[in-house]
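Q: One structure, pasted below without further comment.
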Amino acid sequence: MSWGTELWDQFDNLEKHTQWGIDILEKYIKFVKERTEIELNYAKQLRNLSKKYQPKKNSKEEEEYRYTACKAFLSTLNEMNDYAGQHEVISENMTSQITVELARYVQELKQERKSHFHDGRKAQQQIETCWKQLESSKRRFERDCREADRAQQYFEKMDADINVTKADVEKARQQAQTRHQMADDSKADYSSYLQKFNHEQHEYYHTHIPNIFQKIQEMEERRIVRIGESVKTYAELDRQVIPIIGKCLDGIVKAAESIDPKNDSQLVVEAYKSGFEPPGDIEFEDYTQPMKRTVSDNSLSNSRGDGKPELKFGGKSKGKLWPFIKKNKLMSLLTSPHQPPPPPPASASPSAVPNGPQSPKQQKEPLSHRFNEFMTSKPKIHCFRSLKRGGATPEDFSNLPPEQRRKKLQQKVDELNKEIQKEMDQRDAITKMKDVYLKNPQMGDPASLDHKLAEVSQNIEKLRLEAQKFEAWLAEVEGRLPARSEQSRRQSGLYDTQSAPAVNNCAQDRESPDGSYTEEQSQESEVKVLATDFDDEFDDEEPLPAIGTCKALYTFEGQNEGTISVVEGETLYVIEEDKGDGWTRIRRNEDEEGYVPTSYVEVYLDKNAKGAKTYI
């Protein structure tokens with residue numbers, strides 16, 4: 001099957017068909033180009049999506065990615081990023097191996113097609129020229145034959161006429177012969193052109209056109225083959241990235257299988273474990289045996305006066321309180337009761353019945369005595385001072401619970417050890433370089449490295465001292481060091497002040513803003529602090545002025561933290577009126593102040609007394 005023999009007369013249709021083939025190829029190129037743009041946009045969107053959900057650096061969100069579920073999600077994001085990269089590879093390969101190559105091939109194809117059809121048109125012009133020559137010789141031969149016949153007839157007519165002279169007859173005869181000669185010449189020319197045309201026509205239909213059409217056919221078949229190869233390449237480029245995409249998907253599956261709920265639960269424990277023990281059982285209070293209490297057993301004043309507060313929760317967890325308040329209101333908050341005030345007695349004064357029960361006693365808080373211990377510990381008051389003055393996070397992380405503090409200290413020690421090792425490596429490198437300079441002075445001056453070596457040695461010494469300080473704190477938290485007395489604690493506070501002035505002497509038991517307590521010290525020596533020690537911490541703050549007086553309507557035995565006992569008919573100073581919680585703050589003398597139920601006293605506010613500094 002050949003276009004040259006089968007389609008010898010379809011030159012124009014072949015021209016249209018080959019142009020259509022080129023249009024199809026250009027359409028396919030456009031399709032692939034749009035596919036590459038889609039792949040690029042898809043990859044870009046996948047990358048943006050992955051980046052959008054990546055944890056932000058140095059944020060709380062980044063800390064959450066230590067859990068296996070979050071790690072699996074992070075792995076999924078990374079795999080999707082690689083997945084997007086494979087789509088970029090598809091786009092790049094399709095652009096280079098299909099779009100660019102086919103665009104170049106289309107240009108070559110157009111040139112080849114133009115050349116073939118130019119040869120075809122040239123052959124057509126040649127055969128048309130021969131045909132025109134043949135037609136011209138044929139018409140000339142036909143004309144000459146008619147002229148020869150006419151001249152012959154005229155000669156015969158003249159020759160038969162007796163009236164015509166012999167000269168005229170001879171002239172007519174010569175003219176007839178000339179016409180016959182011209183006809184013979186035209187006949188010869190016509191015969192020659194006819195043979196030439198037939199030869200050209202045979203060559204045209206059996207040689208030139210078949211050859212040209214055959215080349216066009218081969219060109220078209222190559223175009224079709226090229227499209228097929230491109231389509232195959234189109235599929236292969238997708239197939240090439242399938243294994244890598246499969247690995248990405250396998251990575252996502254592997255990340256999903258790596259999720260360990262037990263491990264995440266353990267991480268939660270490690271992240272939030274305070275190290276405290278749960279509080280013990282609340283003691284049973286027997287109300288069937290009335291007991292006269294003139295002074296609150298666990299009030300702040302009593303704990304200072306006795307010097308031996310009851311450590312009911314010696315080995316238990318401590319209260320979670322953190323006063324974000326002014327100093328002059330610190331005692332008010334720390335000693336204010338946390339229960340609603342009792343109702344006033346409905347009958348006679350409770351003091352009328354000796355040792356009789358007063359208004360219903362409220363349940364004590366489980367952490368009451370421990371809080372009193374907190375209030376009587378001098379280093380703990382330092383914490384309030386540092387907070388009042390806006391101090392930053394303490395260097396020893398004492399604002400954290402014991403377990404969290406231990407982890408932070410351990411992390412800090414590890415970081416310092418790494419820095420020390422890095423500095424030591426640098427020192428060794430400088431030492432080796434100095435030795436090289438000593439052996440080869442032309443390479444450098446050994447003395448030029450002395451300053452750098454001294455600087456590195458000084459940095460190592462500083463880092464070691466810093467590491468020793470954190471190791472000491474870590475050892476204290478882990479219980480490797482013996483419990484320190486109050487005197488040693490004060491000395492430690494002095495050392496901390498000298499070694500790290502930025503630290504607000506908060507190296508001992510503190511409470512963090514979130515309410516967690518740091519270190520558990522249950523020794524009795526911690527709470528044996530004089531009342532003056534507590535007051536000295538606030539020597540820069542003046543006591544609250546009295547704003548009036550009050551008279552006790554009933555006897556009230558302050559048995560809870562922050563309350564004070566009063567006797568019916570007793571007159572006291574009012575230093576803070578009822579804020580809506582049912583309690584009024586009063587003062588007996590400089591060392592005795594606290595809260596009493598507002599319904600138990602009759603208050604006489606004196607505006608002129610505001611700001612006065614009068615004490616009984």
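Note: Cβ is positioned from N, Cα and C throughout, glycine not excepted.
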Q: Which stretch, out of 126-153, 378-405, 406-433, is listed as coiled coil by TrEMBL?
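A: Based on what TrEMBL states, coiled coil spans 406-433.
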Q: If you average per-residue pLDDT over the domain 'SH3' (545-606), what number do you get?
A: 86
Q: Kindly report the helix/strand/coil residue split of the domain 'REM-1' (399-476) according to DSSP, in that order.
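A: Helix, strand, coil within the domain 'REM-1' (399-476): 72 helix, 0 strand, 6 coil.
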Q: DSSP on the domain 'SH3' (545-606): how many residues come out helix, how many strand, how many coil?
A: 3 helix, 33 strand, 26 coil
